[in-house]
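Everything on this sheet refers to the single structure shown next.
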């Protein structure tokens, strides 16, 4: 007897028995909770809210895959290694594996350090302090195999001043420097470049004020040579070989360098050895530059005023010797002006123990001005002395208007004004009245009485104009000769 069954019933009977899940509410060991219709609605709303919030958060998150390229393949960016600069750099250069307090190749031959300089500006030259100020780029080149690193493209790495403090660098300093500093605006002006084979370029921007021994014996017609000296402070020539990287081509200057008082004629480099009795021999590099002073400023401020004062003093030679109020103030004014010029020039100069060229010119000019005052003093004194002697002589001589004395007087005698010298019948020569002074020379030891006895009279011709006449020629001629000699020697 067969019983026909539905295919579904046969499948259910033949299916293997299913294992009960632990999460079955009837078989679970956890407590069973019954949820009503209201609870189901609340649970459904909570689940819906969570799904919406999760979708919005996924949309706001940045994509994890870079945008696709032209061929459709995704482009992945390399990780940013600058986020761990210190550790990556030190690990790449193996800084922690070496002792950088020692020079490269310690115990072996001296490490060569090449130097080149780019002069940015020559700021000031001071004769009073005898120094100069220069701003320059100082670059060092050497090889330190401890800094060698692997590079597929043979590219160098550039660092700032932070790495300089962790490795060995040459200890350069400026000999005879008074002040120096490394620029730090807007950051430290220091650059370190390391190449894969261990070669190093170390550059910094420095301003230094250094001493310059000047010879001012030819001032202001002088030419000065100053030097900036670079040397290692601790390492002798056995440890560090300092040299110019490319000779004279290692020194470069900006074309815009100029000074107000000097013309820069030449820049050149030299190398010498410096010896210290307690430490030994050191390599020293020299930056030499020659300066020629511009003379035009001093011509306007010193030489022309001094020359004009000397020429002004000559005006008194053409003024009447009796015009005392005119000649005396003129001479005093020129003397005081020359003193002011000399004081002003020396105020801006160092107190050197030798005579400068400008001192020679100013003091000779001062002497010419002073001699013009002395010349008038001599003329005035001789004129006064002559008048006194004539006055005394007229008092002693009797009034012999018609007396004639051989070789002494003409037949006529006329009175003259006491303020002028006498003219005893002597005609004028060349339009100039010659003044005659009668001097009684006693041929006998007896005193002169009121009459003309055996006493002999001799007349002496003294022309007091002659000093002024000669001065008009001698003073200008001498000063012109002095200028010719002066400028031929110092120019």
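Yeah, the Cβs are placed from backbone N, Cα and C, and that goes for glycine too.
Among the ranges 59-80, 81-102, the one that TrEMBL lists as region 'Disordered' is 59-80. Residue ranges 245-267, 268-290, 360-382, 383-405 are listed, and TrEMBL annotates 360-382 among them as transmembrane segment. Of the candidate ranges 175-198, 199-222, 295-318, TrEMBL annotates residues 295-318 with the feature transmembrane segment. Same-chain residues lying 6+ beyond the ends of the transmembrane segment (295-318) with a Cβ under 8 Å from its Cβ atoms: 220-221, 261, 326-327, 330-331, 334, 337-338, 341, 345, 358, 361-362, 365, 368-369, 372-373, 375-376, 468, 471-472, 475-476, 479.
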